[in-house]
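Taken from Swiss-Prot, the feature topological domain 'Extracellular' covers 1-162, 217-245, 304-313, 369-376, 428-469, 521-543. Per Swiss-Prot, transmembrane segment is recorded for 163-183, 196-216, 246-266, 283-303, 314-334, 348-368, 377-397, 407-427, 470-490, 500-520, 544-564. Summarising the annotation, Swiss-Prot assigns topological domain 'Cytoplasmic' to 184-195, 267-282, 335-347, 398-406, 491-499, 565-573 and lists similarity to another entry as the type of evidence.
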Amino acid sequence: MTNCKGRSTITKTNSKVHDREGFVNWTISLSTVQSDKFLNLLLSMVPVVYQINQDERHKKVNGVWQDGLQPAGHNYNVKSDQHVEYHHFSEQTFHGSNGHSPSSCSPKYDDFSSYNYCDGMDASETDAMLQEDNISSDSNEDIIVEGIRKQPKESSSIMALQILVPFLLAGFGTVTAGMVLDIVQHWDVFKNVTEVFILVPALLGLKGNLEMTLASRLSTAVNIGKMDSPIEKWNLIIGNLALKQVQATVVGFLAAVAAVILGWIPEGKYSFSHSILLCSSSVATAFIASLLQGIIMVGVIVGSKKTGINPDNVATPIAASFGDLITLAILAWISQGLYTCLETYYYVSPLVGAFFLALTPMGIVIAAKHPATRTVLHSGWEPVITAMIISSIGGLILDTTVSDPNLVGIVVYTPVINGIGGNLVAIQASRISTYLHLHSIPGELPEEAKGCYYPCRTYYGTGVNNKSAQVLLLLVIPGHLIFLYTIHLMKSGHTSLTPIFIAVYLFAALLQVFTLLWIADWMVHHFWKKGKDPDSFSIPYLTALGDLLGTALLAVGFHFLWLIGDRDGDVGD
């Protein structure tokens, strides 16, 4: 306040705030102000402000602010059918100079999306991404963020139509990848360095570990309004692309190590030159494919937002539309090129691997400069690495099956069944995650989601997630029939389309997706209850399980067909 001589004075205030911090000691230095600004200055000192009309701002009854104003420290989540806006205040100002520095994991939930996932739990990727970190330094200006948004209402028919086109695109992409794999399996590198087959599911699984996770995370960010600001949008995009390149390089290297170990265990044979070739091929493929797919993914997300399409329905399948084809083509080309140089130019392979590994620090520096990805450099590796290991086990099954000349027909169908299963379960996981972000806070489940999870609960009901599970399951059989007929028309593969083969294949595909959607219903809610972001944690596990289940069920199906006499040795060879 100012004294009679116009000099500024210091006002000290002790206030008891009903929050976790107890007593708060504020020391506020006020310069000379005009009388007409005095009321606004007092209002700016209130630690909780609800942005409403100016005339309602002055209402006060019995010491309690009305029409949405709560006492200091009570940051209630307000649900409304209309858009609700919050005034986001600075925690540093709130804590003042009482000696308590604001924690990076302090509880401030101005809306559901800004919940801090590191609140006594493991930090997750969306923890840093979806929080409101951009607090203005001007304490006299209100920063308005959008609050609770309603999930877009969709009928089953609209949902199916939105999913159908990207689903078919993704399916044809996996069909093309399967035909490419059917061709390249006869190349020298695939014949002499069979561990490359172990790399195939692990590297194709990167779309589930990274691309689909990015797609689901950005889709959630779009639906809850976190990409409305251009600055915030590009911070999310640039930071996450740099982070994704770091993760892709590390996972590619670890996938090669896993392939070397899993390839060595059955026969006990080890080749150092082959190990270097695997590492270089894997790292280079992961880096290049991840960069290309990441750019495509960002374009899809931004385009979906501008056209009004729900990105949850289209982003994840489009992320996989050309992902398998791009990754497999790059892997085959690089590995074959390095293999031809193995004898004459032996130094080319280690130089290629060293070059892409040397780019990792640059990606770390870029990612560390963005608040959205800084914390993820120290966390979020668990699901990515675990999913890579699960996919590598599926690759070992594929390598073992392909080594049997009677079962080589499995090659063309493996990317198809794995890709389709992963696409469908990623859509469901992304939709459930968006629903939870809009209707609950991490650590707390909605009432309808509590209890034991069983298949009937996943597929029977009138909830939006029940309907999406039904739609996705109904797409399995007609979708795979289209893809099987496409493979038949292209005269690819080593298996003819007999009725018994179609029945066995469709049963394996249906069982895979049925199991994955059931697991997804439990897993997404499980991670949400644990306070972990399901966009970052569930999708890598689910797509990896899709690879493992698809490859295993397909291998069992081909063994069954061979036992009952449905045998085709060289169809389309």
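Using the three backbone atoms N, Cα and C, a Cβ is placed for every residue, glycine included.
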Task: Top partner of the transmembrane segment (544-564) among 163-183, 196-216, 246-266, 283-303, 348-368 - counted as Cβ pairs under 8 Å - done: 196-216
Task: Per Cβ pairs under 8 Å, the stretch of 163-183, 246-266, 348-368, 470-490 packing most closely against the transmembrane segment (377-397) - done: 246-266
Task: Maximum Cβ pairs under 8 Å to the transmembrane segment (163-183) - stretch from the list 246-266, 283-303, 348-368, 407-427, 500-520 - done: 407-427
Open item on the list: Please list the DSSP helix, strand and coil residue counts for the topological domain 'Cytoplasmic' (398-406).
Closed with: 7 helix, 0 strand, 2 coil
- [ ] With DSSP as the reference, give the number of residues of the topological domain 'Cytoplasmic' (267-282) in helix, strand and coil.
- [x] 12 helix, 0 strand, 4 coil
- [ ] Could you name the stretch, out of 283-303, 407-427, 500-520, with the greatest number of CB pairs under 8 A to the transmembrane segment (348-368)?
- [x] 283-303
Open item on the list: Before we move on, state whether the transmembrane segment (246-266) and the transmembrane segment (196-216) share at least 3 Cβ pairs under 8 Å, counting only pairs 6 or more apart in sequence.
Closed with: yes
Task: Same-chain residues at least 6 beyond the ends of the topological domain 'Cytoplasmic' (398-406) whose Cβ lies under 8 Å from its Cβ atoms - done: 185, 194-195, 197-198, 200-201, 262-263, 266, 414, 551, 555, 558, 562, 567, 569
Task: Spatial neighbours of the topological domain 'Cytoplasmic' (267-282) far in sequence, C-beta under 8 Å, 6+ residues away - done: 189, 193, 195-196, 199, 202-203, 252-253, 255-257, 259-260, 331, 334-335, 338-339, 342, 346, 349-350, 352-353, 356
Task: the topological domain 'Extracellular' (304-313) - residue tally per DSSP class, helix then strand then coil - done: 7 helix, 0 strand, 3 coil
Task: Per-state residue totals over the topological domain 'Extracellular' (521-543) - DSSP helix, strand, coil - done: 19 helix, 0 strand, 4 coil
